[in-house]
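Below is one structure; the comments refer to it alone.
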Amino acid sequence: MRSPRTLHGGLEARHSSPSYTLGKRRTDHNLLIPEADLKGLGAELHYTQRGGDITFHGPHQAILYPIISLRSIGIGARNYVETLERSMIEFASVYGVKARAGHKGETGVWVGDRKIGAIGVRISSGITSHGLAFNIDPDLKYFEHIVPCGIADKEVTSLRRETDDMLLPSEEVIHEQLVSCLAKAFSYDDVVWKEDPSFILDNQEEYKD
Amino acid sequence: MAARFLWASRAASHLRISVAQRGFASVVLKDLKYADSHEWVKIDGNKATFGITDHAQDHLGDVVYVELPDLGRSVSQGESFGAVESVKATSDINSPVSGKVVEVNEVLTESPGLVNTSPYEEGWIIKVELSDAGEVEKLMDSDKYSKFCEEEDAKH
């Protein structure tokens with residue numbers, strides 16, 4: 001019988017100025033305007049090693065990057081991504097928003113046919129980097145310049161849009177709630193915010209864009 | 001880009017992630033060797049063919065892209081040489097043995113799904129010329145690997 005031991009995970013919560021990011025497959029054909037025009041929009045373009053297609057990151061999104069050793073909890077990419085989806089769905093339900101996981105080939109979180117949460121992950125030696133972006137109240141016009149996640153003809157939405165005239169709490173509170181849904185989904189009971197990420201980053205290779 | 005960091009811990013023995021249990025055990029072939037990062041190797045003289053196992057493809061989900069290394073490139077045991085993408089996740093593939101890449105399975109560029117449907121045959125990923133035949137000793141045989149998979153799956 002195994003004696004109980006403690007597993008640790010990290011999570012990076014990011015705030016982004018407007019930027020478009022591409023995954024490993026470099027699907028730049030899904031950027032609908034010339035790269036030179038991005039500056040005029042106040043946006044940047046970043047290439048990453050994550051999975052997934054092109055997406056937009058900007059203010060008023062919850063951008064969360066769990067740093068977890070999947071091997072230590074014995075799950076693979078599929079279960080990990082499904083757990084991220086479930087966390088966002090549960091979080092949305094707190095606001096009465098009925099979200100669902102994507103159909104085959106449409107990983108992410110949807111409200112009807114409108115995408116509210118995106119996922120793009122990298123797993124290296126079983127350790128996760130990148131993660132999810134949930135739209136709280138970003139400027140959705142930025143999404144018009146891309147084919148979001150490579151899926152044409154589907155809208156992008158936000159918590160703000162789906163909750164209509166509901167009074168939402170501060171973004172900080174919303175963030176904490178989503179983080180707590182994530183921690184719960186991965187069975188983490190003890191959660192502490194720290195300023196210095198070095199203890200998480202010690203054995204990780206690059207995980208930033 | 002500003003960031004804040006969170007540190008979380010949990011007891012390893014608690015099973016609380018609800019994951020739909022698949023009813024079958026993964027396929028493990030007797031004449032192959034296995035790495036703990038779920039790659040299989042078939043040795044033929046000083047050549048080795050490898051790919052990812054049935055357990056790996058099942059845990060990845062539908063593979064939509066395979067990143068193949070260049071011919072002639074060296075690979076080292078335990079180090080990444082390529083990646084697969086599935087469900088918006090890119091997962092590194094590690095080399096079970098060291099050597100030089102002599103062939104890559106170009107078919108995977110058009111049909112990445114072969115990694116799921118035929119992980120040990122049509123879904124082979126690369127062939128290398130071994131640089132150190134002794135390294136094969138460090139790999140698991142089929143019985144050990146089957147047990148390893150069971151133990152790993154029991155963790156959650």
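A Cβ is built for glycine as well, from the same backbone N, Cα and C atoms used for every other residue.
If you check TrEMBL, you get these features:
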{"type": "REGION", "residues": "A:1-21", "note": "region 'Disordered'"}
{"type": "DOMAIN", "residues": "A:4-190", "note": "domain 'BPL/LPL catalytic'"}
{"type": "BINDING", "residues": "A:Arg50, A:Gly51, A:Gly52, A:Asp53, A:Ile54, A:Thr55, A:Phe56, A:His57, A:Ala118, A:Ile119, A:Gly120, A:Gly131, A:Leu132, A:Ala133", "note": "substrate binding site"}
{"type": "SITE", "residues": "A:Lys115", "note": "site 'Lowers pKa of active site Cys'"}
{"type": "ACT_SITE", "residues": "A:Cys149", "note": "active site, acyl-thioester intermediate"}
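A map of TrEMBL features onto the structure.
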residue	record	contacts (Cβ under 8 Å, 6+ apart)
A:Arg50	substrate binding site	A:Thr21, A:Gly23, A:Lys24, A:Gly120, A:Val121, A:Arg122, A:Ser129, A:His130
A:Gly52	substrate binding site	A:Gly23, A:Thr107, A:Ala118, A:Ile119, A:Gly120, A:Val121, A:Cys149
A:Ile54	substrate binding site	A:Tyr20, A:Thr21, A:Leu22, A:Gly23, A:Thr27, A:Asp28, A:Asn30, A:Leu31, A:Ile146, A:Val147, A:Pro148, A:Cys149, A:Gly150
A:Phe56	substrate binding site	A:Pro18, A:Ser19, A:Tyr20, A:Thr21, A:Ala43, A:Pro138, A:Tyr142, A:Phe143, A:Ile146, A:Pro148
A:Lys115	site 'Lowers pKa of active site Cys'	A:Gly108, A:Val109, A:Pro148, A:Cys149, A:Ile151, A:Lys154, A:Glu155, A:Val156, A:Thr157
A:Leu132	substrate binding site	A:Ala62, A:Ile63, A:Leu64, A:Leu84, A:Met88, A:Gly117, A:Ala118, A:Ile119, A:Gly120
Exercise for review: Look up A:Cys149 (active site, acyl-thioester intermediate) in the DSSP assignment and report helix, strand or coil.
Suggested key: helix
Practice item. According to DSSP, folded down to helix, strand and coil, what is A:Lys115 (site 'Lowers pKa of active site Cys')? Key: strand
Review point. Are any of the recorded positions A:Ile54, A:Phe56, A:Lys115, A:Leu132 near chain B, where near means a Cβ under 8 Å from a Cβ there, and if so which?
Key: none
Revision key, fill the gap. Of all C-alpha pairs drawn from the substrate-binding set A:Arg50, A:Gly51, A:Gly52, A:Asp53, A:Ile54, A:Thr55, A:Phe56, A:His57, A:Ala118, A:Ile119, A:Gly120, A:Gly131, A:Leu132, A:Ala133, the farthest apart lie at a distance in Å of 15
Practice item. Give the number of CB atoms, excluding that of A:Cys149 (active site, acyl-thioester intermediate) itself, located within 10 Å of its CB. Key: 25
Review point. For A:Phe56 (substrate binding site), what is the secondary structure by DSSP, using just helix, strand and coil?
Key: strand
Practice item. Measure from the Cβ of A:Ala118 (substrate binding site) and count the other Cβ atoms within 10 Å, all protein chains considered. Key: 26
Study note, to complete from the structure: The predicted model's mean pLDDT over the domain 'BPL/LPL catalytic' (A:4-190) is 92
